[in-house]
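Look at TrEMBL and you will find 79-268 tagged as domain 'ABC transmembrane type-1'. Taken from TrEMBL, the feature transmembrane segment applies to 21-40, 84-105, 114-138, 150-169, 190-212, 249-268.
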Amino acid sequence: MKALLNAGGAGKHLHGGKITYAVLIVFSVGSLFPLVWTAIAASRDNGRLAQTPPPFWFGSNLFSNLGTAWSDANMGLALLNTTVVAGTITVGTVLFCTIAGFAFAKLRFRFRNLLLMLVIGTMMIPPQLSVVPLFMTIAELEWTNQLQSVILPTLVGAFGVFFMRQYLIEALPSEIIEAARVDGANSLRVVWHVVFPTARPAMAVLAMLTFVQAWNDFFWPIIALTQDNPTVQVALTGLGRGYIPDQSVIMAGALLGTLPLLLAFTVFGKQIVGGIMQGAVKG
């Protein structure tokens, strides 16, 4: 009887596992469809994309459309600029937000809660309200159409500070900090040898979110930069100009702008997921 019950339980578990895998496969296919459709559209011509039904398989114009998008949108410079902008913003955000989050989580100083409320309050201000004064500032500094005009305003974010604070409150015991100070460690050594190793999983998550957001940012770069010194999103707007924009070339440009991001997560995804899982196990 016990053997029959065990066999029945194993059968239910196997059946449940098949359903889980089937659902995951469906969601995976749905997640990949936009990328596949972009590649299909980039391999066709503008006339075929306008027909009904639309094409559902690859054509023969992929490389020619990629070449056109690369040259017309100045995509080489755009990819370089976007990598510099997104990389710098990511490093700065992770570094400064981790330090600020540690200060709000573990240090005691006057008006700490008030300052934290002010930081969180900035998340409620629409970014559109700061466009005019911010543009006037970069114009006064003669930074228009320069990368620092895009990097510096977004180098630190309120979300990152709050996110790191919440993580460090739970993950970093105050006793470890006190023990490090008893051993003679100053604040810099505490941050470098205690805070950063403890916060590594959260830093990986924040880095991933920040890099994707900075790579895809469009609103402020289209104001601060021009087609002469673009990021990827700004460069793609140049492909949509004209009386009849070539949608296949636009899709090819979008594919060029997406592939480096996919490549980065293919290379570093294992390390990011490993860091997240390590933090979950420790928690």
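Note: Cβ is positioned from N, Cα and C throughout, glycine not excepted.
A Cβ distance under 8 Å defines the sequence-distant neighbours of the transmembrane segment (84-105), meaning residues of its chain 6+ beyond its ends; these are 112, 115-116, 119, 147, 150-151, 154-157, 160-169, 172, 191, 195-196, 199, 202-203, 206-207, 210-211, 214-215, 221, 231. Below 8 angstroms of C-beta separation, residues 100, 104, 144, 149, 153, 158-159, 161-162, 165, 219-220, 223-224 of the same chain, each at least six residues beyond the ends of the transmembrane segment (114-138), sit close to that stretch.
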